[in-house]
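Annotated features in Swiss-Prot:
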- Asp14, His15, Gly16, Lys17, Ser18, Thr19, Asn130, Lys131, Ile132, Asp133: GTP binding site (BINDING)
- 2-183: domain 'tr-type G' (DOMAIN)
Amino acid sequence: MKNIRNFSIIAHIDHGKSTLADRLIQECGAVSSREMSSQIMDTMDIEKERGITIKAQSVRLNYTLDGQNFVLNLIDTPGHVDFSYEVSRSLASCEGALLVVDASQGVEAQTIANVYIALENNLEIIPVINKIDLPAADPQRVKDEIEHVIGLDCSGAIEVSAKTGAGINELLEAIVRRVPAPDANDALPTKALIYDSWFDNYLGALALVRIYDGEIKKNDEVLVMGTNKKHIVLDLMYPHPIAPIKTARIGTGEVGIIVLGLKNVSDVQVGDTITLAKNPTKEPVGGFERAKPFVFAGIYPIETDKFEDLRDALDKLKLNDSSISYEPETSIALGFGFRVGFLGLLHMEVIKERLEREFDLDLIATAPTVTYEVVQTDGQILRIQNPSQLPAVNKIEMIKEPYVRSTIITPTEFLGNIITLLNNRRGVQTKMDYITPERVLLEYDIPMNEIVMDFYDKLKSSTKGYASFDYEPSDYREGDLVKLDIKVAGETVDALSIIVPESKAQSKGRDFVKAMKEIVPRQLFEVAIQASIGNKIIARETVKSMGKNVTAKCYGGDITRKRKLLEKQKEGKKRMKAIGKVNLPQEAFLSVLKID
């Protein structure tokens with residue numbers, strides 16, 4: 001056991017984490033050069049295309065130093081804010097972490113967020129300055145930044161280039177010498193933390209565990225503490241990026257995959273503890289929170305008869321991603337669908353894309369919302385995720401909305417743009433710190449509702465892509481909020497309702513109806529598009545009717561004949577307007593998402 005090292009890699013997006021992992025795998029000879037593909041740890045196509053890591057992967061490496069054999073378990077972590085939950089549980093399974101920082105970019109917001117998770121778990125952190133082969137690399141400046149912002153001593157920082165392979169051996173040696181061996185006890189009852197689970201078509205639900213005490217052998221009867229169910233261990237494997245390696249036992253301090261032959265991943269929930277049925281441990285592994293969805297959106301199949309297919313697809317995705325939650329809902333405008341909860345916007349995009357790709361569905365997503373707390377006049381408190389659930393105005397005492405604590409790091413020249421953007425989004429500044437004369441760190445409290453739409457895009461475009469952003473949930477605060485409804489031809493379109501601050505309602509309503517006017521197809525009768533708060537209409541646009549030339553067949557003759565035909569047409573249009581229905585195209589829903 002003293003020769004085991006469990007470590008993970010922490011880095012901001014694009015600082016070269018997956019490439020560094022590839023290099024370590026290659027150096028230890030875990031994968032032959034023929035089988036090596038770039039970003040071998042990123043198994044989903046969508047991960048490789050977007051260049052991000054979504055699911056945490058693991059790999060067991062063998063390394064020899066001074067004639068001794070060591071086992072290095074590399075536990076990969078995603079870098080994006082939405083997946084910080086995956087990060088926290090990956091880090092809970094390690095004793096050490098490599099803090100990878102790009103030698104030309106310096107410290108970014110997510111680097112800081114993940115380092116704090118690592119420090120809370122008391123990990124040994126080794127600073128690694130990557131990409132030293134770049135012409136713009138300035139390792140010394142980056143070391144100073146790490147010391148200033150995070151307060152880590154960088155005298156032992158290791159400079160590497162994952163691309164050329166420089167410094168990789170030195171890094172492996174540092175992992176062995178500086179990361180502590182697992183502190184665990186063979187004699188205690190078995191205790192293992194499930195830090196990932198996924199579904200395999202042949203083997204069923206698999207649990208990736210880190211063993212803290214004791215051991216697990218093939219054919220043992222184990223107890224999953226969260227569900228209190230017993231299962232037989234059918235197989236044990238060590239993780240490997242290409243094909244897992246079978247083993248008869250997994251010992252203390254090790255990382256491995258347990259096959260229990262389960263049909264459902266909810267039986268091996270991430271964060272649960274596995275122990276032996278005959279000698280169970282008293283306490284589960286602590287310090288572990290469930291993922292809570294923050295952003296909710298309605299997802300509907302474009303073809304209404306595909307509802308059951310969508311349910312199956314969500315069930316299957318839930319097997320791999322325990323952080324999504326969903327329940328069926330109906331909309332007058334869109335038919336049957338689901339209200340799905342996500343960790344954030346990127347998570348929502350990725351899930352929607354995976355549903356469309358992997359299950360061949362055509363979907364439409366409504367505007368994302370957050371969970372509001374509504375205090376009613378009778379003292380009852382409602383938690384709502386869908387604007388259409390909001391009670392009548394006269395029953396509402398107040399509406400509270402969730403706030404997030406955000407960290408933004410930006411070059412000083414864009415400071416003005418960012419402060420303007422944050423003030424427009426009702427942000428409250430809590431801290432401002434110059435890391436270097438060129439870069440500044442801002443901390444703001446912002447309503448979650450203001451960042452779920454397009455905040456990230458706006459932030460990037462107002463700083464030419466240089467700012468980095470990270471957030472964590474803070475608390476609920478009272479807000480001056482109203483529900484904005486959109487009516488088309490007098491009927492409220494429930495899927496387009498949103499909750500907005502009263503001060504922005506007027507302008508938001510105007511923008512809404514303008515955008516809708518461009519999209520609603522012209523009918524044979526005129527269509528009014530209105531934005532309303534309660535019964536009060538605050539904005540209106542009209543889509544003009546298409547006219548048929550009813551007088552075309554009259555050649556010359558009496559004017560009264562023409563007038564009679566035009567009057568008849570007018571009557572018909574009136575009748576049509578009273579009973580006519582307008583079918584809204586898909587773009588109508590998407591365009592509303594884009595309105596700032």
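Cβ atoms here come from the backbone N, Cα and C positions, even for glycine.
Just so it is clear, the model here is predicted, and its values are computed rather than measured.
Of all the binding-site residues listed (Ser18, Asn130), Ser18 has the fewest other CB atoms within 10 A of its CB. Secondary structure at Asn130 (GTP binding site), taken from DSSP and collapsed to helix, strand or coil, is strand.
Sequence-distant contacts of Ile132 (GTP binding site), defined as residues of its own chain at least six apart whose C-beta falls under 8 angstroms from its C-beta, comprise Ala103, Pro139, Glu159, Val160, Ser161, Ala166, Gly167. In the predicted model, residues of the domain 'tr-type G' (2-183) average a pLDDT of 72.
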